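Novice: The feature domain 'Zn(2)-C6 fungal-type' is assigned by TrEMBL to 10-41. What TrEMBL lists as region 'Disordered' is 78-111, 639-661. Among the features that TrEMBL reports, compositional bias 'Low complexity' is placed at 86-99, 651-661. Annotation comment: TrEMBL describes 101-111, 639-650 as compositional bias 'Polar residues'. Per TrEMBL, transmembrane segment is recorded for 533-553.
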Amino acid sequence: MATPSRPIQSCFQCRKRKIKCNRSYPCAPCILRGENDACREVDKHDSSSKTTTEIIEDLLHRVSTLEAAVLKLTDAQNAPRDEPSHLPSPSASASPPAHQNGPSAIRSSFGRNSTDEDVAMMLEDFAMGHRVNRTRATQDLEAGSYANHRSSEPEVTINAVRLGVPDGHPLALLIDPSTNIANRLLLSMLPEAQTRVLIQFYFDRLDWYSKVLHKPTFAADNQALMINILSGNVGAIRIGFLAVHYMVMCLALHLIEPSIRDQLGLDFAATSDLARRMYSAAQACLYYDEFIGSHSLEHLQCIILMGLYQQNHDESDAHWALMGSAIKIAQNLGMSRLGSEGEPRQYSAAWSSVVKREVARRVWWMLIWDDWSNAAAHNGTYSIHPSQNHTGFPANVNDCDLVEGQPLVPKPPQTYTQMTFSLCRLRFVELYRQIVDNMQAPTGYGFVLDIDRKISKTILELPSHFLGPGPPVKSFELTLALVMGETRRLRLHRPFLFRGYKDRKYADSRIQCVNSAIAILDYLKSDSQQSALLLKWWLVLFYGFAAAVVLFIDLCHQKAEDRPDLDIRRRQLREALDLFKTSEHVSAVSRNAIALLEGLLTVEPGMPSKPSRKRGAPDDEPFERVVKRIIIDASRNVTVPSNRSPGSDLSPSPVANSVVSTPSTSSSLEYALQSVSGNDLFVSGALFRDEGIFSGSQFDDQTMAQISQLLYNDPYGFLDGGGLLTGFEA
């Protein structure tokens, strides 16, 4: 029987290069490349176990060669740092996990058995300059059969290099290479006695808010820092830890309580200046440590803590930009693929420490929370997509129960721990992310009702998580958790607030939005001493200001309809204003909110009780007209120094002087309002910014989101024409 014919295949070289082959041997492309001898037809049926064996042997040979080259390079130069923050090194573990020498399950997206793919990607990392992955691969190899070939000499070299500015460092252009940078960075250190008081204050009163540090190991690392300073062993100091140390000092000084300030013998001006100095020192440490190119968990902790200070000093945009870098650094370190501690998985040598893994989960989820929480103020965009997150929630465990070398045993969800507040916060932010996603692709009003039920259920469950004994800050945590829940519900219903005054279908949204605003302010007013401390945080003030704006809108509508409870709304707003003033000496954002709210309350008595109901005349709508005038008039009276830095302006915001007096319709206001369509004024805020009208320091993206985008965008697409909804239309 004749052998059936088959089509001639392309040659191996052309198929590999994905180019057209003329299917003659040698083919024309191979002849042009001078590869006549290598030109052969690819036979699909010519595979055998021998070919696979040869490939595997070739890969093993390449890996062996790669191991030798890696070990040689590691001994010869300072590899990028991937040390834990305030955590013992993997080798310090008393009883390391039995599986720590196995392959990394964090790096690969293809499963634990994809050895060939991992090896191929490892080669790509070394070729393409992926230094963090390269270091991780080196650590995995060192933990294997080639570990006994490791030289122990580079430590001295590393310490010696750290004393000055290394060759090629950007700062070498500005600083004499012979300068002892470590000594210069240590000049900002406070006396040891004051340092210990501030550290204790931070962990007693402030750490609960971010919870990205592990107190026992921070204390151990700080003790080592003090010993190295006293002994003059400056080269042994980790600059990354020094940056975190400075930020702990900064926040403790910035948010210091009067009793601690008296104990230190400092006045308010001194603590403010010292906080700014600590912040600058932390920045200097980060840049000297080249955090952009040399990644570590300590750098991420420092960036998160810096964000708390930046937000309070009207630098939310700077924090947002830095957060983007922090998220990419965390992903590069493998923090998005840590899984949960209870999973049966293997970890690379870099993540063999159980304490480091757990702290990394805290840091990673803090980044997620910050990313998702601020998405609405940045056009609904965020950097961490849920489908790309493979790291479980942090464990419900106290710091003292998180010990290296011991298994991690989390407490039941209903048991209060130092992590309870953080876990409650994450439950709310996951719901809020769904709200933000729905703004991009609205699915109907039923979504609002469904999310409202979930938020209500979560709020009702909150008190049960805070039962039993706990530290004094437990009351702060419960209050802020309740405020967060009501704020999420307020943000959910706020797009239907105006519609609810005219359309009975959305009346429940109007009622719930106002009730949530009242509840937020009531929680903050429930304890005057507690509220004075909580409102020092930027986020708490942001929640309070959003609630006050909703109440002012309701006041405008009540005035238009001659309702009897106008005085109640005015009293609630005055109480909110007095509440915000308790923190104006600490936060620049607080002064902005106070000035804007004072402006609204000042012009409200002069607003007509019966505004024009003509559709399409937004200037006749009281609330919109007031906000337009206050923003434009205030921005014309404020200039921002080009060299302004966080904390440099501790005087009352100049905007207060421009909005307290009743604004009149000036020519500049008329020109501004004629520049854009009335229905697009707040949607087209970018035009005003581009024209230089919004130039005040108080009008960053967050503030504009609060005042402009806050109310007039229609993210769900239910409003007529998709434009601005006039609140007093007939």
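Backbone N, Cα and C define each Cβ position, glycine as well.
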Novice: Can you name the far-off residues of the same chain, 6+ from the ends of the domain 'Zn(2)-C6 fungal-type' (10-41), with a Cβ under 8 Å from a Cβ of it?
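Specialist: For the domain 'Zn(2)-C6 fungal-type' (10-41), there are no sequence-distant neighbours (Cβ-Cβ under 8 Å, at least 6 residues beyond its ends): none.
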Novice: Against which stretches of its own chain does the transmembrane segment (533-553) lie, if we need a Cβ under 8 Å and a gap of at least six residues from its ends?
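Specialist: Residues 205, 209, 255, 257, 308, 311-312, 316, 373, 476, 479-480, 483-484, 487, 490-491, 494, 497-498, 513-514, 516-518, 520-521, 524, 569, 572-573, 576-577, 579-580, 582-583, 586-587, 589-590, 593, 596-597, 600-601, 604, 623, 702, 706-707, 710-711, 727.
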Novice: Helix, strand, coil: count each for the residues of the domain 'Zn(2)-C6 fungal-type' (10-41), based on DSSP.
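Specialist: For that range the per-state counts are 12 helix, 2 strand, 18 coil.
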